[in-house]
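Trainee: Please find one structure pasted underneath; my questions will follow.
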Amino acid sequence: MKRAYNFNAGPSALPTEVLEKAQSELLDFENTGMSVMELSHRSKEYENVHHTAAQLLRDLLNIPEDYDVLFLQGGASLQFAMIPLNFLDEGKVANYILTGSWSEKALKEAKFIGKTAIAGSTKESNYTFIPDISSLQYNEHDSYVHLTSNNTIFGTQWHTYPSVSHAPLIVDMSSDILSRPLPVKNFDLIYAGAQKNLGPSGVTVVIIRKELLKRNVDHVPTMLRYQTHAEKQSLYNTPPTFGIYMLKEVLQWLKNIGGTEQIAERNQTKANLIYGAIDESEQFYKGHATKESRSLMNVTFTLPTEELTQQFLSEAKEKGFVGLNGHRSVGGCRASIYNGVPVEACEALADFMHSFYQTHR
């Protein structure tokens with residue numbers, strides 16, 4: 001069977017090796033006579049999966065001991081509410097840096113909980129770039145500062161993070177976690193939905209500084225407290241066991257190929273192929289993001305006319321490319337090239353883009 005060239009924005013491509021491993025164990029996991037989906041979450045077999053996944057994440061990101069790793073549910077969207085519920089103090093401000101639709105949604109949820117502010121925004125440009133760090137405006141009353149590390153819809157990404165000392169720095173890394181080495185100690189809370197770089201949908205990874213868990217959250221419902229899940233090692237209630245198993249296998253795959261430094265080189269190679277096709281097209285393809293803010297995960301571009309865009313997408317589909325439609329707020333096309341997308345898929349897409357350009361220039 002020929003695998004599709006999968007450029008979906010999420011859920012997205014998974015490494016073939018991981019899928020094959022899951023397939024081989026689907027009916028009989030480690031001689032239990034059961035699928036991992038059938039195991040009790042209190043069994044020693046599942047607990048080994050659970051704790052191995054957490055340790056692999058620690059190893060790959062060099063997570064310090066004063067951080068907890070949590071496996072939650074509800075996606076990044078639930079984190080948009082959990083964060084202000086747990087950390088937005090009365091009389092203080094939740095300060096958000098707006099770089100796209102997902103940071104807007106995070107801000108919207110915080111407004112239900114308390115006072116908010118905008119430290120910086122590039123909305124006026126339709127989010128074509130990441131704001132200059134020196135332009136960000138903080139407040140002595142900030143309860144925390146929040147940013148989104150990569151913007152899937154607009155194709156922009158932070159390449160240098162702001163340094164924040166007056167308040168906790170919280171970051172949504174749903175679409176670029178583990179795509180490159182990460183200075184975890186620079187952040188107080190990192191969260192990421194799994195369905196782009198970590199595995200299938202259904203698991204949310206949270207990396208949280210233990211100091212934040214000491215806060216009084218008696219006003220927060222039990223399931224929405226980070227303390228609840230940290231105290232029970234993410235086993236307070238039934239976790240998404242199969243999703244965590246798949247997460248473990250993706251993390252093991254990443255470790256086997258050399259970790260974040262190796263995957264960062266691979267991701268740069270993939271991005272260079274597609275951005276190269278854009279830059280060499282004499283403005284036939286136009287990138288949405290400015291060059292200095294370009295994402296290594298989501299490449300966004302437009303063609304001269306809507307008719308050409310639809311023809312491009314139609315021909316691409318015939319050739320086995322999936323998920324290249326751009327988001328309606330940007331239009332055009334988008335190639336999401338997360339960790340699980342092989343270099344060969346990006347080579348094939350770049351070749352197709354060159355060919356289409358030569359035909360229709």
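In case you wondered, yes, glycine gets a Cβ from its N, Cα and C as well.
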Trainee: What does Swiss-Prot list, out of T122, T152, T260, as binding the same pyridoxal 5'-phosphate as A76, S77, W102, D172, Q195, N237, T238?
Mentor: T152
Trainee: What is the Cβ neighbour count of W102 (pyridoxal 5'-phosphate binding site) at a 10 Å cut-off, with all protein chains included?
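Mentor: So the Cβ neighbour count for W102 (pyridoxal 5'-phosphate binding site) comes to 21.
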Trainee: Using DSSP, would you call S77 (pyridoxal 5'-phosphate binding site) helix, strand or coil?
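Mentor: Assignment for S77 (pyridoxal 5'-phosphate binding site) reads helix.
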Trainee: Give the distance between the Cα atoms of T152 (pyridoxal 5'-phosphate binding site) and K196 (N6-(pyridoxal phosphate)lysine), rounded to the nearest whole Å.
Mentor: 10
Trainee: Look up D172 (pyridoxal 5'-phosphate binding site) in the DSSP assignment and report helix, strand or coil.
Mentor: strand
Trainee: Measure between the Cα atoms of every pair in A76, S77, W102, T152, D172, Q195, N237, T238, the residues the record assigns to pyridoxal 5'-phosphate, and report the largest value in Å, rounded to a whole number.
Mentor: 31
